[in-house]
Amino acid sequence: MAESSDKLYRVEYAKSGRASCKKCKESIPKDSIRMAFMVESPMFDGKIPHWYHLSCFWKVGFSIWHPDVEVEGFSELRWDDQQTIKKMAETGGRTDVSGKGQDGVGSKTEKTLIDFGAGYAKSNRSTCKSCMEKIDKGQVRLSKKVVYPDKPQLGMVDCWYHPKCFVQKREELGFRPEFSATHLMGFSVLTAEDQETLKKQLPAIKGERKRKGDEVDGIDEVTKKKSKKEKDKEIKLEKALKAQNDLIWNVKDELKKACSTNDLKELLIFNKQEVPSGESAILDRVADGMVFGALLPCEECSGQLVFKGDAYYCTGDVTAWTKCMVKTQTPNRKEWVTPKEFREISYFKKLKIKKQDRIFPPESSTPVGAAAPPSAASAPAAVHSGPPDKPLSNMKILTLGKLSQNKDEVKATIEKLGGKLTGTANKASLCISTKKEVDKLNKKMEEVKEANIRVVSEDFLQDISASTKSLQELLSTHLLSPWGAEVKVEPVEAVGPKGKSGAAPSKKSKGPVKEEGTNKSEKRMKLTLKGGAAVDPDSGLEHNAHVLEKGGKVFSATLGLVDIVKGTNSYYKLQLLEDDKESRYWIFRSWGRVGTVIGSNKLEQMPSKEDAIEHFMKLYEEKTGNAWHSKNFTKHPKKFYPLEIDYGQDEEAVKKLTVNPGTKSKLPKPVQNLIKMIFDVESMKKAMVEYEIDLQKMPLGKLSKRQIQAAYSILSEVQQALSQGSSDSHILDLSNRFYTLIPHDFGMKKPPLLNNANSVQAKVEMLDNLLDIEVAYSLLRGGSDDSSKDPIDVNYEKLKTDIKVVDKDSEEAEIIRKYVKNTHATTHNAYDLEVVDIFKIEREGESQRYKPFKQLHNRRLLWHGSRTTNFAGILSQGLRIAPPEAPVTGYMFGKGIYFADMVSKSANYCHTSQGDPIGLILLGEAALGNMYELKHARHISKLPKGKHSVKGLGKTTPDPSASITVDGVEVPLGTGISSGVNDTCLLYNEYIVYDIAQVHLKYLLKLKFNFKTSLW
């Protein structure tokens, strides 16, 4: 087979006698049929087969409805073996099925559904996966077997339901209309009374019959004739498929007798066909060519086409990043030619095959209501979110501190909502506490922080029971902690014996396979920095060795490879380590799937430094296709790409600047608090986790600016491709490139395609924030190492901005507070704004830069909001225009600096929450001059002659009669009134300048967002 498949099952003739059956543990003889269940490897980013004898496969509990669709390799079997497997699929593995008796009733063996069952609850521990209520001991319960995507090695696992709940979800669970209670495995062990009850609850559903009056003469006869014609056609096709299969296998059998493997390779090469690996694959390709003709190269990429079940698939690559997606049932061919030297072989002398086209079985798809194969999709929805009345299903809640309700009341509320109470931090999905407890950060709260569990207020419990908002929205609204990743949800059922699994974990890899939904920054890698790079702690040598540096080049590489089609999201890390004291050298490498602990590592001690360098360079070239010292890297198909990750020596500087700040600072307390807020490393990490950035493969501040700019360029290409309606393979190629450059943590999920404007816009926003975080972190790492100075003062100096606290009783403070109060838009009613502090700011060199525009008419004091993590970049470098590499999508009027005259319009860009309600917002003087007024989106790359800015006209505007002028600058602080402009797509005004020199930042406000509690 040419490429790995997404199919869950596989069948083939055993290539050797080495494989053992996972069921009976006996060896599987060579050339006998073996069937496999494909599972995610714990050792690398890919799937491996768990092989079974044909008879053992069905005993495990696997259920297949359409072997020709669900099983990889099915069509390559001999015809009789295909029929055997079809029969076993219908009967749950039995082949001794008798036909109907003379009366045609009752003598046919009924199929027992292996993936559906009935029985009595053995305890009170099981929970119905529909209503989430307990199933009492001794009560009848029904099951649907599923495969959990995060634990595929466990195989088929029972998910239990009350009979009534099962009936309600019948179609969703794939219990087909023709099935009834009698088909359930275990039905016969129920009492006669329970059997009768269940038969009434779960009967076979017959098709709706016509009313007598609806029958029209002749219709039934036509239907009968039509069905007979169709049946004859099916029989004819079946005979043709059998004849074709027999012919192919006859050719293969004769070739095996007449030719060696090398002979078969020569035949392929002579006919300009690629030679695959594996004897059986070579034989398949030669037989295909001899029967149907030699395949011509793919028209799109010139790759090799290969037969795979339902069509011929291209195995080539459209680019170095992406495989070709061509699939056809009618490939172009030429005549198969047998070389002269082969014509002396007796088989080839008498060989006469009439050239023909390959016949394919009709495209069969699983009927509506049929049981879907037990893949990731089969896992019940409750794993991720509970039913509306049980929103905390499968979640464990930890409570800390004094709450308004006592512990029993809180426990009752949580259990009513489907959750469970826990006293252990590392088992918790969520923590409910108070702001006071979070600020106090006692030992228990430290454990919560270490486990990276979100902390929410008690109000969360009240809102979730009545609110129509999603769980994630409510979590954000009530969040109290600055830390916390995605909420963990425990699997819905105890899916196997504790501490055991179907696959033994490698001694080299650390920990079990990560569960989907596990929090994304839970595992923190401590990097020991020596010399030019961080020593990987998994090597066990972080305290004894360092990464070799020679000729200015650090012998450490982090590589990435993403293939959305295959679902892989892989990394490979390579390091050459040198002992700190002795002349000893090691090569350390680790590999796996990004964002999970799937993977392994290897440490090899080398005889000498020269051997170590040679081995390192050999491995690097093997993985990337490029020489280590090559100046211009060229990406090769199916090869890794290097990530420019800067493991500089500045990590200790960051630690120094974040330990005990404020003890020696002489700055005013509000300014000290502002600096701490701007340089808060935890907030930066939280922002990266929100964007699904992998903090292990791309630690904070480590991705280079150049690589971020390259990612912008890819997004620009995506936008262009979408607007031009480019091919799917082009979009796929760009998506693969983007995710390789910027490592994302998708767990076990496939990386999503960047195939719409919204996904591009979201990634642009992510890169904007990454750039600012990169600036903030660079500032933290660089500059003065004067230990006599307070860390806050050191960071303050790096901003190169004079920051003064504005007296709350001053006139300018009064004007600003009035501006905040009056311009809060009526539609932005989820919160009120409270001014905490006002700072007057003067960026170094900005007033000089602004001087030419000081004389321009129409200067206004306007709002600009942004995330707290962006302010180190804003204050140190000013408000900037998106880089040239960035796509124009997401910018309503092109790339520029955007302002608003309504405070809440800008405040929405602060991205605060109830748990993190403090935001920062700017007031900047913008030299607008002559404004180009627009009502709808338009990409502006160059302003019309005589225009200095753009104004997006909104339906609401501050009352112009209430505006005031301060030092020649208009302050539009009137309350919102109708602008009289109705045919506009904007609710509120927007102002855009396209030259950074037209902006002079004046004030920075610290605002508290007082979120209003939901009333519904």
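Glycine is treated like the rest: Cβ placed from N, Cα and C.
Within the listed segments 164-206, 293-335, 551-593, Swiss-Prot records region 'Zinc ribbon' for the stretch 293-335. Feature region 'Disordered', per Swiss-Prot, maps to range 360-390 of the set 236-266, 360-390, 701-731, 825-855.
Range with Swiss-Prot annotation motif 'Nuclear localization signal', chosen from 80-85, 98-103, 224-229, is 224-229. Annotated NAD(+) binding in Swiss-Prot involves His864, Gly865, Ser866, Arg880, Ser906 plus, out of the candidates Gly873, Gly915, the residue Gly873. The Cβ neighbour count for Ser188 (phosphoserine), using a 10 Å radius and every protein chain shown, is 10.
Restricting the recorded positions Glu409, Lys602, Glu990 to those with a CA within 10 Å of the CA of Ser180 (phosphoserine) leaves an empty set.
Close to Lys750 (SUMO1 cross-link) in the fold, though at least 6 residues off in sequence, lie Ile564, Gly567, each with a CB less than 8 Å from its CB. Counted over every protein chain shown, other Cβ atoms within 10 Å are most numerous around Glu990 among the recorded positions Glu409, Glu415, Glu990. Around the Cβ of Ser180 (phosphoserine), 17 further Cβ atoms fall within 10 Å across all displayed protein chains. For Ser280 (phosphoserine), other Cβ atoms within 10 Å of its Cβ number 15.
Under the three-state DSSP scheme, Ser280 (phosphoserine) falls in the helix class.
Here the candidates are the recorded positions Ser188, Glu409, Lys602, Glu990, and by Cα distance the one nearest Ser280 (phosphoserine) turns out to be Lys602.
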